[in-house]
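Some notes on the structure that comes next.
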Amino acid sequence: MDLDGRNHRRVLAGVGSAILFDFHYRKEEIYWANKNTGVIYKTSVMGANKQKLSSDKHISGLAVDWIGNGLYWTSQEKGKIKKMDLNGKNEKTLLRHLIQPSSIALEPISRILFWQSVGTTPCIQRSDINGRTITTLIKITKKIKALSVDRQDKRLFWIQLGLQGECAIVSCDYNGNSVHIIDQALRSQTLGISVFLENVYYTDASSKVIKEVNKYTGGRTVDVNKKQMAKPPVGVKVVHALNQPLEDSNSAFTGCDPQGGNCLSICSNSAEPGLCQCAEGFALSKEGTHCEDVNECAHWNHGCSLGCENIPGSYFCTCPKGYALLPDRKTCGEITQCKGNVTKCGHGCLTTDKEQICVCPEGSVLQSNGQACTGCSSPDMGGCSQLCILISPSRWKCGCQPGYQLHQDGKGCIATGPAPYLLVANKEDIRTINPDGTDGIILVEEPRASVTALDYDPVQNNVYFTSISQKTIERININGGYREIVVSEDLNSPEGLAVDWINRRIYWTDTGRASVDSITLAGLNREVIVSKGLEKPKAITVHPLAKKLFWIDIGVHPVVETASLEGTARTIIASTDLVLPSGLTIDFTEDRLFWCDQQRGVVETAALDGSDRRMLPENQVGRPFDLAVFEDQLWISDQKNQALRSIHKRTGKGLQTIHSKMFQPASIVVVHPLAKPGTDVCLHHNGGCTQVCESKLGFAHCSCLPSYILSADGKTCRPADSSNITGNMLSVFTEKMVSDQSVCSSLRCGVNAQCLLQANSPTCLCVEGFTGDGQLCMDIDECKLGTHNCNRNTECQNTLGKFFCKCQAGHNSNEQTCQDPETTLSVTTGRPADVTFQHHNSNSAESCPSTHESYCLYQGVCFYFPEMDTYACNCLPGYVGERCQFSDPEWWELQQTEEEKKRNVVIAACMVGLISLLSITACVTYCYGTKKFCKHPSVDNVSESSVTEDSMSVATSSSTPQIYMLIENSLEGKLPALACPRRAICPSCSSETSDTQGSEESDTLSKHNRGYECSMMSAVAVDIRAPVDCQRSHSVSNTYSCTTFKPATLSDHHPRGGVS
């Protein structure tokens, strides 16, 4: 079909539903493969001359080389890329041992082959068109499919699947950089993609159409075909001469001779028109249209004496371990120990006929002085500020860590964000000083000249400092405010101080008590970390990510020492050539420790394990007391010259006096979001965000929950109407895709780490609840460190990445609080994952400020606790979480169960009532009928039972019903059976008459009534309230007996009553 959707016609039918295809524009041919059968075909664009070329049952991608006239395909299961001519001949394997290669694309002009690997870690790779120099361009954590080349902008486009099955169109340049995601989230399955001019064309399986979207801006999509296809499209190709050009219009090689024919990226010699030429290191192909790399190492090692390694357009010689290249860069010589005056060579020497030559390790070269080395493997790191990336054994380039930008000199790294400044204690005050030496503000005035140590917390922006004269540790907000005493007991001479901004603790040294102590930033859970073997501990610093403490002991034998944050695993960093060591600081970009020596006037550095110790050259720092490092600068407080100075952190050069005429400058700290890596600024006031806060490289990034959008201030959220929800969700999806699939994907962050971007620079940071370098993240034991927020009625129990508070014995839990006292507020001062329910005195709570009106969700009530400096939410029933953001399924289930129980109780009560009503009605009806039947009995016709007065009393007290029946003895007429109260008339009917006839009748009835409780006459119908005289005896002609149907026990050999 045309690009406007018209002239839709079928080229070939019956090709199957799982096909791969490509085209050759000049030959007007289509090539395709059936993935089910693996057969590769070709035909003309008119559908004629169908021809079978080859077969591969594992084929997974297909691409045409319209310049070299070749066909390339990937074999996913076999891990191969194969090639053959367009006529099906000369089939060969270019690449082997690949990891599930899938979609493939070609750039014949640049002689590049691109393909996707869809293994455990999906990625996009490239090589030259001959299968050499394989390079991984980008690693992706999500599933990828479809691949297309934008030859106009020299970019790759592909389809990427999100977590919920969403699709996105992503692109990068030929080197895997400049990742871009089109602002258009795809809602249905997309199987094919093709780029032409400024648009991207892709298949939409659900709507059965081809869609078009701008490759730069994204936005609104256009349906190419207005009428749905009969079947969902699985692939798309834009057929045009611009998509298969014969020369590179953007090539730097312009002005080629018109008679140069099909020369690509090369010009023909003006002396010999029409003859293509290649640059050095390349040779003309068989077709004579393009250049191919020459493998110099294949020609007798190209002069290398031992080893040779080929690279595109060149080569270099190599030597085995113990050997190095001589100045000719081809011959290997044995490395020996340097002799004579050559003492500065740190890696041995090579001996020639004329002289000794210093050897440099691989990745470094000899400097012009002939003795020092420079490069990635040398102490100067090739002049790079942070990262030195090796290109070849003698070439490298510089790079920067996340959050930093490469200086225009190509070596230095500059921190992004606000300008850094210094916090300086000069024993009479604490002030801020800008890097250029200009004064800032005075935070603390201390005329007693006792402030010697300070540090700051980047989360709450508090400055902590020691006062030797007052014997206290205090704090003050960096923006001003009142001084607060944190520690005032059991302090003698606190001379060193360090803040652990991740684990939320303070560490200090006490020279008088000879100990290293620790306490939380709130002044709780004080511990003695180290005391044994200390004499005069002074300076101290902490590396929270490495979980290490470092301190200086200026005792009889001065040492620089380290230990874990718990005081275990103590190790000596330096113990020799120390006279009066003083300041201590860490360069977190290189993980190096710096210290200075007041007596010697020098600055030294070493790795965190004490290795690679070296002294900074050209030390002219007077009498240094303390030092701080950031970017490439090292700031030093010089008490000899009463000044603040700076030098280069690696070379010691560039000495500058930043600020002079200071009164005994002491402790120094650099303030910048990147100065203390791993800072979670969201811990305090949620980073200023009203809803969702994410800490990235020391900055708070706010976002909103569903149905809310971020306001212009970047902090607050406002409700979104229905028309904006979809756009907002798409924006969030696109933002997450950018974060996941940018240069972050090239990093290998640890399991408990996440990759964050700042100024397009990625870094691996441990997630909340873990600490480490981003590659290895260990669980933080909040319970052991005392950083939990469990109160006195609860017990802290650590779990992986978080903790929870368990009620102690004697305190009942209602799944939210330990009930004592009454208030049940959901409070957390930690991570959102650490949702812990505690109770506090409501009298100490205040209403939240207006900036936090929407802090509590789902109509929760917000409270602020000034003493704890934290916010809390009183959630409505059915919602939990530190901000009531989670539904409580257990509560809803319990509510449903309770409602069901109530319904069952009501139904049961109604049934009981109904049955009772029916019973009462039946009883009333029966009693009425009974009284009517038994009314005014004839004394002459009825013989009464013999009942004693005592037995009557017993009978009337019984309420247990018993079934009775009227038994006809001699009367011809029959009476209906009646229900009579058990034992209501004669519990023990016995006759006191002794006439023979009565006895015989009694015996006779007894035989018939054996097994029953009582036999009686029709007097059973007499009202039981009337006195009955059982002594009376009458002769009756008609008698009846009222008998209970209750079996007698085995011991009852005779009936208990008889008939008179």
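Glycine is no exception: its Cβ is also placed from the backbone N, Cα and C atoms.
The repeat 'LDL-receptor class B' feature in TrEMBL is assigned to 69-110 (among others). Sequence-distant contacts of the repeat 'LDL-receptor class B' (69-110) (same chain, six or more residues past either end, CB-CB distance under 8 Å): 20, 24, 27, 29, 31, 33, 40, 42, 51-54, 56, 58-63, 116-119, 125, 127, 129-131, 134, 145-149, 151, 154, 156, 158, 174, 245, 247-248, 264-265, 287, 290.
What TrEMBL lists as repeat 'LDL-receptor class B' is 461-503 (among others). Counting same-chain residues at least six beyond the ends of the repeat 'LDL-receptor class B' (461-503), those with a Cβ under 8 angstroms from any Cβ of the stretch are 423, 425, 430, 441, 443-444, 446, 448-455, 509-513, 519, 521, 523, 526, 537-542, 544-545, 549, 551-552, 565, 584, 667, 671, 676, 678-680, 684, 771, 780, 785, 787.
Per TrEMBL, the feature repeat 'LDL-receptor class B' maps to 504-546 (among others). Within its own chain, the repeat 'LDL-receptor class B' (504-546) has Cβ neighbours under 8 Å at 453, 455, 457, 459-460, 462, 464, 466, 473, 486-487, 490-498, 552-556, 563, 565-567, 570, 581-586, 588, 591, 593, 595, 608, 626, 677-678, 683, 766, 771-773, 785-787, 868, counting only residues six or more beyond its boundaries.
Sequence-remote contacts of a segment are chain residues at least 6 beyond its ends whose Cβ falls under 8 Å from one of its Cβ atoms, and for the repeat 'LDL-receptor class B' (547-590) they are 386, 401, 404, 413, 496, 498, 500, 503, 505, 507, 509, 516, 518, 529-530, 533-541, 596-600, 604-606, 608-610, 613, 624-629, 636-637, 649, 667-668, 675-677, 771, 778, 784-785. Feature annotation from TrEMBL assigns repeat 'LDL-receptor class B' to 547-590 (among others).
Within the chain, the repeat 'LDL-receptor class B' (591-633) has long-range Cβ neighbours (under 8 A, six or more residues past its boundaries) at 379, 385, 404, 412-415, 420, 422, 435, 539, 541, 543, 546, 548, 550, 552, 560, 562, 571-574, 577-585, 639-641, 643, 645-653, 655, 664-670, 672, 675. Sequence annotations record features per position, and here TrEMBL assigns repeat 'LDL-receptor class B' to 591-633 (among others).
For 740-778 (among others), the entry in TrEMBL reads domain 'EGF-like'.
What TrEMBL lists as domain 'EGF-like' is 779-819 (among others).
Under the heading domain 'EGF-like', TrEMBL lists 844-885 (among others). The domain 'EGF-like' (844-885) scores a mean pLDDT of 73 in the predicted structure.
There are 25 other CB atoms within 10 A of the CB of Cys873 (disulfide bond), with all protein chains counted. Residues or ranges marked as disulfide bond by TrEMBL: Cys856-Cys873 (among others).
Summarising the annotation, TrEMBL assigns disulfide bond to Cys875-Cys884 (among others).
Taken from TrEMBL, the feature transmembrane segment applies to 905-928.
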Cα-Cα distance linking Cys856 (disulfide bond) and Cys875 (disulfide bond), given in Å to the nearest integer: 8
For the repeat 'LDL-receptor class B' (547-590), what are the DSSP-based totals of helix, strand and coil residues? 0 helix, 23 strand, 21 coil
Suppose we draw a 10 Å sphere around the Cβ of Cys856 (disulfide bond). How many other Cβ atoms does it contain, all chains included? 25
Out of Cys875, Cys884, the listed disulfide-bonded residues, fewest other Cβ atoms within 10 Å surround the Cβ of Cys884
Just to be sure I understand, if DSSP states are collapsed into helix, strand and coil, how many residues of the repeat 'LDL-receptor class B' (591-633) fall in each? 0 helix, 22 strand, 21 coil
Which whole-number value in Å describes the distance between the Cα atoms of Cys884 (disulfide bond) and Cys873 (disulfide bond)? 7
